[in-house]
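Chemist: Sending over a structure as structure tokens; questions will come in a sec.
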Amino acid sequence: MLPSQALLPAVMFALTALQALAAHTFTAAVYEHAVILPDATEEPVPASDALALMNKNMDVLEGAIKEAARQGARIIVTPEDGIYGWRFTRESIYPYLEDIPDPVVTWIPCTDPSRFGAAPVQERLSCMARNNSIYVVANIGDKKPCDSSDPSCPRDGRYQYNTDVVFDPQGKLVARYHKYNLFRGETQFNYPKEPEAVTFETPFGKFGIFTCFDILFYEPAVVLVSKMQVDTVVFPTAWMNVLPFLTAIEFHSAWAMGMGVNLLSANTHNTSKAMTGSGLFTPEGPAASHYDSATEEGRLLLAELRAHPRLSPTYPPAINWSLYATSIKKFPEENNTFLGAVRKDIFTFSKLRNKDGNYTVCQGDLCCHLAYQMSKKRKDEVYVLGAFDGLHGSLIKYHWQICTLLKCPSTNLSTCGQPVETAQTKFEMFSLGGTFGTSYVFPEVLYSGVQLAPGEFEVLHDGRLKSKHGTSKPLITATLFGRLYEKDQPHPLR
């Protein structure tokens, strides 16, 4: 036997092992894009002007896609509104829209651009994916004609949808998703008649997709994870940060941990709108994240992720979020409380008066228990334990249960619940739990400077959010954020 023949089985075995290993992980990318915005106008601009603006943004996105592919990324997610921005009325956005077909048609716009009429944006995105051999996720606008035979057809004879598209490495359109939960102000778009649970298969796992505000609702977000069993969610967003609980990296990282999936979150970047915060988040915590409220620059993030996180030996075990809190007696101090507002939500707060201690605060059906020890009790900083159990929102109302250890902006207790980004107090330990009436709870820890705390806290099987070895940086908030989807009010506009 020749030496090369003798080595062949070993070589084939090694290649097979490498392929199996590669299938277990993949490199993903998200790009936070500082969007070039159109001039504000209520009148439609010529289609050529709309395309020129979109091409400027796609020039930037194409550079990010090329760089991501060069660094080995298999998929890249770009932001909501990342191609045309905002500042639109229903009429003025029309020149920016294209007819996006159902992916069952098996279409590669890069090689057959005129099959469904003029589609220059889809053609270019398809070519970006094809030329760089990478999955490309982007957010654009879809238009669909309708007529009087459809009783819900708008007066102008068309539906307009906030839409995500996915092109595979051959440039084929493999997914189309119409945003179901529109945020206030998105009057340029229509609601889909039914929620869409959109998935697509890749060699490195099953993916789901939804957009921005959708993440707070049962459909489609929970359906994709709990019923469709996706491994990874791609998430274009235009997220306006709202401290203390809805900062982009804070909540998106918590959602990935609470739901037990990867989340690829790509945010638009606009400091005047408080839009920043992107990341690649896993059930174990953030693999990469970015938050920048000071500059107007975009940012490309990459990380290696597990293709099937549920099969990982480090996958977090199931958690009974109320087990600990319902098994103990209330700590003292529960009567030493006051009310304070987090935006318009009225929390029940209790001030932490000592360097260490045990506290309980209750509201509605929720009791929150905290044990803590500060490194040093400062006279110029005040922390509180807070509880909220009720409906949140003005137009769209949805039910939250929140337990939070929270820094106040000043020693004046009336400021507790207002946004704060910096702190000086570190904790030797904290342990937070609550009597949650839901299995959908998202654990958040945020440090001074709006920084995450990867690897520095854990959630025990009995539902306690606990520091591992104290806090390495001063603490802004430690929060358990629960959602009782079954108590949400019906959507008033749908």
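Glycine is no exception: its Cβ is also placed from the backbone N, Cα and C atoms.
Copied straight from TrEMBL:
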SIGNAL    1-22  signal peptide
DOMAIN    36-307  domain 'CN hydrolase'
ACT_SITE  GLU80  active site, proton acceptor
ACT_SITE  LYS179  active site, proton donor
ACT_SITE  CYS212  active site, nucleophile
Chemist: If I restrict to non-local contacts, at least six residues apart, and a C-beta distance under 8 angstroms, what lies near the residue listed as 'active site, proton donor' in its own chain?
Modeler: TYR161, ASN162, THR163, ASP164, PHE189, PRO192, PHE210, THR211, CYS212, PHE213, ASP214
Chemist: Please work out the number of neighbouring Cβ atoms within 10 Å of the Cβ of the residue listed as 'active site, proton acceptor', leaving out its own Cβ.
Modeler: 27
Chemist: Within the domain 'CN hydrolase' (36-307) only, compute the mean pLDDT.
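Modeler: That region's mean pLDDT is 97.
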Chemist: Across all chains shown, how many C-beta atoms besides its own are within 10 angstroms of the C-beta of the residue listed as 'active site, nucleophile'?
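Modeler: Taking all protein chains shown, the residue listed as 'active site, nucleophile' has 27 Cβ neighbours within 10 Å.
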